[in-house]
Amino acid sequence: RTRSRATATTRSATVPPGTAASNSWTGPAHGSYGPSRTGSPSRPTGRTALRRHRPRRHRVRRLAHRGVRPHPPAPLHRPPGPGRTRIAARAHARDRRPARGRRGGGRPGHPGTAAGLAGGHEDGAQDRLARLRHAHRSPRRPRPPGRGRRPARRCHGDRRGRRRRTGRRRRHGKRHGNRPRSRPRPGGHRVMNAIETQEHKDLREAVAALGRRHGPGFDRATLWEEAGKLGYLGVNLPEEYGGGGGGISELSIVLEESGAAGCPLLMMIVSPAICATVIARFGTDEQKRQWLPGLADGSLTMAFGITEPDAGSNSHRITTTARRDGWGSPRTKSGGGWILTGRKVFVSGVDIADATLIVGRTEDARTGSLKPCLFIVPRDAEGFGRSVIDMELQAQEKQFELVLDDVRLPADALVGNEDAGLLQLFAGLNPERIMTAAFAIGMGRYALAQAVEYAKTRQVWKAPIGAHQAIAHPLAQAHIELELAKLMMQKAAALYDAGDDVGAGEAANMAKYAAGEACVKAVDQAVHTLGGNGLTREYGLAKLIAAARVARIAPVSREMILNYVSHQSLGLPKSY
């Protein structure tokens, strides 16, 4: 009997897998039996059953390497906690793990792999042989905290113990495809995540609550003051100057949510987004101390002048010039001042602004060509005149034409480097496009909300009109287009905050185009849903028809955006 037992043990341990004598049946581990590969329908008994109950040797070693253990049934998703580390951390921690599943190499108090596979028969021949084979291996370092093991393999009929591979890297260094990971970007930020952070959600809720308190009949000055005290106007500015330390992503949320509540603040596109951003990035320390704290809390406001009567989309045709002032003038006794001459049109909020950031052109001393530069012009500067442009728009912010008649400025009125004016200018234009997209999305959301509420309550026959597809489907389409534009806006804002000005330029133009088109369609469908009521002052939608067109036209037309995308993104020949 002893010789028979030894012979059976040797055969079970040395016969190559895949042969008939090795009983290489890979059916259920326990609980039920099926026919063997040889087609025999009889149920194995005795030691033959035990051998067939144990998987092939190479399968045991493979499962041991994977760390299969008899854990209790695990939930489908692991709860958040220390074990839910990032993918990169898991990959680096793999080399620090102890040997998974090798007999005797597990955690104290946990049975080995064979116990999970063979129902506790760890004293079998294969178990002893495996321990002898791996006895020469040195023990590995302790398992890092928070690392779990997978449950034991179970029968085909019992799937409770199975567990999905979530958040792990595949073998050979390939990452599992269901967990996107951000990469570091210049400036310490990360690439955008399509899902907003909890801080962004909290900001949305807070601004939305502020908008509901003021409503469509808001007073611009009162809302601006309160938003500044709450820190919303300077959420994108550095903390050392009284800002919130965020970026355009956060500022666009403020403008979008205030617009969705029916009380958009148009000057947010200009004062904190363009002017404050340029000063924060390129201004001198003195300029930052002078302007940023007031721009952050709303006590100071700055306008932006770039468009001219003969230079709309083509900024290279700007004729406003800035030349060096003579030595010893009253304003520049130390020399090096500037004299500005030119005209600007469609400048928003000059009457409420403490200063205006003017785009002028200076002469290059080497080539004689003109290059763009940025200057801060106080509202009370001598020779700085303004006149209101009569507009059909029913907006609280008025539009102005500016005349600069030899306006003398000190040397420190120049923002940034004189030779890098074009780069600094475009650093302010990308936020302008992103914020215009936020303005349009908020307006579209407000109009759509009014139409949806009306469609739910208005009854012409037995059911509300929103039950009819002719009403419901256009509103659903408008909602989809607004959400798509919002995603592109979020991408553009994240790229800009990450320091990728080139990528942000393409995304900002696309976001502005998509938001403008979505806003026009949403407003048009909202008015159409209300019918005659949509044209009355009571519902306040008719005035949005003209306002929505602004998102298509300013600050850059949709045709120029299509030119940009066809040339820059698609590589098509340039026509202008």
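Including glycine, each Cβ sits where the backbone N, Cα and C put it.
Note that TrEMBL annotation is computational and uncurated.
Features of the protein shown, as given by TrEMBL:
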COMPBIAS  1-14  compositional bias 'Low complexity'
COMPBIAS  49-69  compositional bias 'Basic residues'
COMPBIAS  70-82  compositional bias 'Pro residues'
COMPBIAS  87-105  compositional bias 'Basic residues'
COMPBIAS  120-130  compositional bias 'Basic and acidic residues'
COMPBIAS  131-188  compositional bias 'Basic residues'
COMPBIAS  312-321  compositional bias 'Polar residues'
DOMAIN    213-298  domain 'Acyl-CoA dehydrogenase/oxidase N-terminal'
DOMAIN    303-406  domain 'Acyl-CoA oxidase/dehydrogenase middle'
DOMAIN    421-563  domain 'Acyl-CoA dehydrogenase/oxidase C-terminal'
REGION    1-192  region 'Disordered'
REGION    311-330  region 'Disordered'
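Proximity of distant same-chain residues to the compositional bias 'Polar residues' (312-321), defined by a Cβ-Cβ separation under 8 Å and at least 6 residues beyond the stretch ends, is recorded for 306, 340-344, 358-363, 370, 372, 404, 425, 556-557, 560, 576.
The average pLDDT for the domain 'Acyl-CoA dehydrogenase/oxidase N-terminal' (213-298) in the predicted structure is 96. Under DSSP, the residues of the compositional bias 'Polar residues' (312-321) split into helix, strand and coil as follows: 3 helix, 1 strand, 6 coil. Sorting each residue of the domain 'Acyl-CoA dehydrogenase/oxidase C-terminal' (421-563) by its DSSP state yields 122 helix, 2 strand, 19 coil.
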